[in-house]
Amino acid sequence: MRRNLDAASRLTKQSSKLEKTPGRIHPRFCGFRVVKFRRTGESSRSDEDGISGEHEVQIEGVRTELEPVELGDGAAVPKEFANPTDDTFMVEDAVEAIGFGKFQWKLSVITGLAWMADAMEMMILSILAPQLHCEWRLPSWQVALLTSVVFVGMMSSSTLWGNISDQYGRKTGLKISVLWTLYYGILSGFAPIYSWILVLRGLVGFGIGGVPQSVTLYAEFLPMKARAKCILLIEVFWALGTVFEVLLAVVVMPTLGWRWLLILSALPLLLFAGLCFWLPESARYDVLSGNQEKALATLKRIATENGAPMPLGKLVISRQEDRGKMRDLFTPHFRWTTLLLWFIWDFTQIHRRQEVKAKCSLTCEYLTEEDYTDLLWTTLSEFPGVLVTLWIIDRIGRKKTMALSFLVFSFCSLLLFLCIGRNVLTVLLFIARAFISGGFQAAYVYTPEVYPTATRALGLGTCSGMARVGALITPFIAQVMLESSVYLTLVVYSGCCLLAALASCFLPIETKGRGLQESSHKEWGQEMVGRGSHSPGESQE
């Protein structure tokens, strides 16, 4: 060990072959230069990306191999030594070093409120549609349109909110979309006629299109080791939102009616609107847009709240880029990924909005207590779906998790061809919804991981927009097509899910064990595996 420290003290420059790593060179102590490495608990390189060969450095004209140095705790020091003049760190380094703590717990709750609000606005469609069908004597196509107009609004705005979030900040886009949704959500409770509620619910959908950007903001503050688990656990808030909406409907609908249900369903949005001003802007966004001081202040705030030390050195400003440009989603490295993700998100939303009632009658009927019970049971399937996905996503990877979830859903849909009773039907729908929810959430983990910071919000926004295409046609499949043929409806659901499973397998990039990419000007994976140079073939494994 003494021999290596002596060699390090005479280090004058690093070989041009040596990769830069976030090591630290501290001032002389007891006559030696001490090399200090970050202890984040998790390397930012993938498990399969080992270090091959011996690094060499030039010391006073003599090329000498450096062997691993043993620290006091018995852990081997990596062979890569930082440039003595390079005492810097990136946002990724800081996030990993600070780790998960009190700040992320608070952020989880606030992000969860946004997801609860989103889930309640989606679930209310299943309750509002049959109520207005009977109360206002609406034909089936108008009932379907009442649901579809919400998704038209979401589809038309998702890309816009993504662009705003990439151009002006994640926090800005999220605040505007939440306040928009809150205003029109409450206002729709006062709609006097069908045309009014149609327009107002469409405007609500326009605002909901920005809610997924909460995941973009959330993911950019999460260390790599906790990212998949945390984003998946946000699904718990979605499930809580759907359960809360059903229970709220059981209490409110028989006494106060659907108008009060619409107003009270905006409560999570009201809470989020009051708390979102606590949210900081993403440090990754600030660095990319050149606001180094603001990003550093945000990181110091997180370190203080978590009770963790900040990394030593100077925060590196990433290369400033044009942000939120659609063309960046179709560069050679991301073109195939973008198209496949659009395909997957589209079909996922078709299945997630599946509503098959265990009734033979399709005439006007108010929802009964038994209907609410069935709706509650299928909604509770969100919880085991999250647990299964949570258990497998870091074991088999994001792509295989999505594929497996879609295959199980397809199999359960095919079983509905059999003549089965109400109880068996409810069980099959429970399992199907559990796995489609897991697949949908796995897509939410994968999408922000695969795009760089400059286009992360836009990438998620466009995927969310494409998902609304599927959600848009779902009411016509589940209500109009169902009147013609139950079997044809099941074939559509099952067949689309098989195609989504196939598309998941063909995704060219697996993001398991990788950090978030900062710059779109580097090969995918460079910054995540030590910021070294990799061939294109290696970067996408």
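Heads up, the Cβ atoms here are built off N, Cα and C, so glycines get one too.
What TrEMBL says about this one:
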| type | residues | note |
| --- | --- | --- |
| DOMAIN | 107-512 | domain 'Major facilitator superfamily (MFS) profile' |
| REGION | 1-24 | region 'Disordered' |
| REGION | 518-541 | region 'Disordered' |
| TRANSMEM | 107-129 | transmembrane segment |
| TRANSMEM | 141-164 | transmembrane segment |
| TRANSMEM | 176-197 | transmembrane segment |
| TRANSMEM | 203-219 | transmembrane segment |
| TRANSMEM | 231-252 | transmembrane segment |
| TRANSMEM | 258-279 | transmembrane segment |
| TRANSMEM | 401-418 | transmembrane segment |
| TRANSMEM | 424-446 | transmembrane segment |
| TRANSMEM | 458-478 | transmembrane segment |
| TRANSMEM | 490-509 | transmembrane segment |
Criterion met for the transmembrane segment (107-129) and the transmembrane segment (401-418) (at least three Cβ pairs under 8 Å): no
Proximity verdict for the transmembrane segment (258-279) and the transmembrane segment (424-446), three or more C-beta pairs under 8 Å: no
Maximum Cβ pairs under 8 Å to the transmembrane segment (231-252) - stretch from the list 141-164, 176-197, 203-219: 203-219
Confidence summary for the domain 'Major facilitator superfamily (MFS) profile' (107-512), mean pLDDT rounded: 83
